[in-house]
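What follows is a single structure, written as structure tokens, with notes after it.
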Amino acid sequence: MADGVDHIDIYADVGEEFNQEAEYGGHDQIDLYDDVISPSANNGDAPEDRDYMDSLPPSVGDDVGKGAAPNVVYTYTGKRIALYIGNLTWWTTDEDLTEAVHSLGVNDILEIKFFENRANGQSKGFALVGVGSEASSKKLMDLLPKRELHGQNPVVTPCNKQFLSQFEMQSRKTTQSGQMSGEGKAGPPGGSSRAAFPPSNRGRGRFPGAIPGGDRFPGPAGPGGPPHRSQLDKLPTRPPLGPPGPPGPPGPPPPGQVLPPPLAGPPNRGDRPPPPVLFPGQPFGQPPLGPLPPGPPPPVPGYGPPPGPPPPQQGPPPPPGPFPPRPPGPLGPPLTLAPPPHLPGPPPGAPPPAPHVNPAFFPPPANSGIPTSDSRGPPPTDPYGRPPPYDRGDYGPPGREMDAARTPLSEAEFEEIMNRNRAISSSAISRAVSDASAGDYGSAIETLVTAISLIKQSKVSADDRCKVLISSLQDCLHGIESKSYGSGSRRERSRERDHSRSREKSRRHKSRSRDRHDDYYRERSRERERHRDRDRDRDRERDREREYRHR
């Protein structure tokens, strides 16, 4: 029961007491859960997934304490049932999924783990959800597919390798189809499903709520339908974004409330709406959401921070333009070109992402004022900050053996290896000759080939004396091979006349072709000699003519 005691310590942070002998007596459920979850942990989706078995329940409790998620009533009784929930959009968060599950009357959620792409940390569209009772799992499998989540009906399946591979294949097909179509992945809707939650710095691919500007993904509609902004006006910290054209100035914030400044730029002026700008997910060629009003441009990923706030303008504002001015920073394509689709997530200076988002794909908040490098340039040596490769021991690449072979040998070691190679060579030649004289040419050839490979693999194979041994073995091998071919044809001739005649014809043909080949080369050499003789005669004639002229 040592394992059970360990699991009691692990789940102590959940805050629920349960009887160890009565309800947690066997290891079948834990072993089965480990076997089911181990492929997803080794799937290489995210580095933090490898040890999430030990940290899942504490992290769930911490998330409930930190964020503003709905109240979760844990009725954990020592039983855990894992389900896969798929057919989700890539911007679906754990809050969205929790709200959908709670709407069905299921309140014993133990964990929610999203599967993510290793390349960009983006959700693959399915998650692992653990509940604490069989009734909750049945209710999820029966009722959740009938609910609509971001315009799509979720798919609930048991947790096994078959459904995991199906969801993986579906996510790969979706990614490949999005890349081949050239449109990029559609942005999330305008925030109707997220307006019910306060801006809590959680979610997948969302910008922090402190940055003004309404929806930061003004892209085309995804599978969930066109974006709608029905509840954006409920957020007091964001002025509404008007239709294309010069919008009117919004009202000031309520008394006693201060607009928090954005993390990577100057604070927004309260007398004008935020300027529109193209963001990831907006297709190429789509006009901006409106003309640029005067004021500092918002930060754009990959172009550095904007230049500081402008001085107070006493006169008329400058004419609005369709594009924001380019801030100082590394040059790149025009701002109308959307960045590559593999760069989702918060901009530089955003708060840390949600627990199911890999934090290695986002820069720390401390570097919010430092211009980031251009995302379209060559990547650094290790863009994701992975540790150096660990030592694999006996299964490492052969480079270590080559390095060991390059190390200088002492005279005693050299002589020992050389004597061993000489013994191998002499014994192999004597055995091969005896086998060949007995007619066992296959064994003789195999002996010589093995001896040659052993000597070539030794540490002194580059030495001239070792090369002499190898050449002597190869000469012996060629002689035995030629002898074996001739004896084989004689044996065939003595056994079957038809085969011997065909072999004889082929040998005659080979001998004729060899003779023709030799004759051809002889004729070529004769031609060369003739040409040389002609050249010599010409040179002599020229020398004679020169001597005659000089006289």
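Note that Cβ sites are derived from N, Cα and C of the backbone, with glycine treated the same way.
For the domain 'RRM' (81-161), the model gives a mean pLDDT of 89. Residues annotated as domain 'RRM' in Swiss-Prot, with sequence analysis given as evidence: 81-161.
The annotation region 'Disordered' is assigned in Swiss-Prot to 169-410 (among others).
The compositional bias 'Polar residues' annotation in Swiss-Prot covers 169-180.
Annotated region 'Disordered' per Swiss-Prot: 477-551 (among others), in sequence order.
The phosphoserine annotation in Swiss-Prot covers SER494 (among others).
According to Swiss-Prot, the phosphoserine annotation covers SER500 (among others), on the basis of similarity to another entry.
Residues or ranges marked as compositional bias 'Basic residues' in Swiss-Prot: 504-514.
Under the heading phosphoserine, Swiss-Prot lists SER511 (among others), citing similarity to another entry as support.
The phosphoserine annotation in Swiss-Prot covers SER513 (among others) and rests on similarity to another entry.
The phosphoserine annotation in Swiss-Prot covers SER525 (among others), and the record cites similarity to another entry as its basis. For SER525 (phosphoserine), the count of additional Cβ atoms within 10 Å of its Cβ stands at 10 [all protein chains shown]. The DSSP secondary structure for SER525 (phosphoserine) is helix.
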